[in-house]
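Beneath this line is the structure, given in structure tokens, with notes to follow.
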Amino acid sequence: MGIARILSAVLFLSVLFVVTFPTLLSADHHDGRIDTCRLPSDRGRCKASFERWYFNGTTCTKFVYGGYGGNDNRFPTEKACMKRCAKA
């Protein structure tokens with residue numbers, strides 16, 4: 001019975017890998033992670049007012065960040081945003 005469980009686990013993990021592998025190669029991934037430059041701006045959950053920059057698909061735009069939460073499409077300067085997100 002122990003060998004059957006091991007074989008079942010190996011089969012499950014193999015199927016999981018085959019199903020998820022194409023997603024890892026999709027255009028929304030960059031260096032194995034979701035491309036942060038495609039995420040929408042996200043103010044976060046708090047009420048602070050920090051000036052930050054996000055990439056809107058064309059250029060970097062200023063927005064007010066609340067200080068907590070949000071996503072990774074948030075940069076301290078326009079220059080940092082353009083360096084990470086602008087296509088050459």
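In case you wondered, yes, glycine gets a Cβ from its N, Cα and C as well.
The signal peptide annotation in Swiss-Prot covers 1-27, and the record cites sequence analysis as its basis.
The domain 'BPTI/Kunitz inhibitor' annotation in Swiss-Prot covers 37-85 and is backed by sequence analysis.
The feature disulfide bond is assigned by Swiss-Prot to Cys37-Cys85 (among others), with sequence analysis given as support. Neighbour count (other Cβ atoms within 10 Å of the Cβ, all protein chains): 21 for Cys85 (disulfide bond). Under DSSP, Cys85 (disulfide bond) is assigned to a helix (H, G or I) in the three-state scheme.
Annotation comment: Swiss-Prot describes Leu39 as site 'May bind Kv1.x/KCNA'. In this view, Leu39 (site 'May bind Kv1.x/KCNA') is surrounded by 15 other Cβ atoms within 10 Å of its Cβ, with every protein chain counted. Leu39 (site 'May bind Kv1.x/KCNA') falls outside any helix or strand according to DSSP and counts as coil.
In the three-state DSSP scheme, Cys60 (disulfide bond) falls into the strand class. The Cβ of Cys60 (disulfide bond) lies under 8 Å from the Cβ of Trp53, Tyr54, Phe75, Glu78, Cys81, Met82, Cys85, Ala86, each on the same chain and at least six residues away in sequence. Marked as disulfide bond by Swiss-Prot on the basis of sequence analysis: Cys60-Cys81 (among others).
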PLDDT averaged over every residue in the domain 'BPTI/Kunitz inhibitor' (37-85): 95
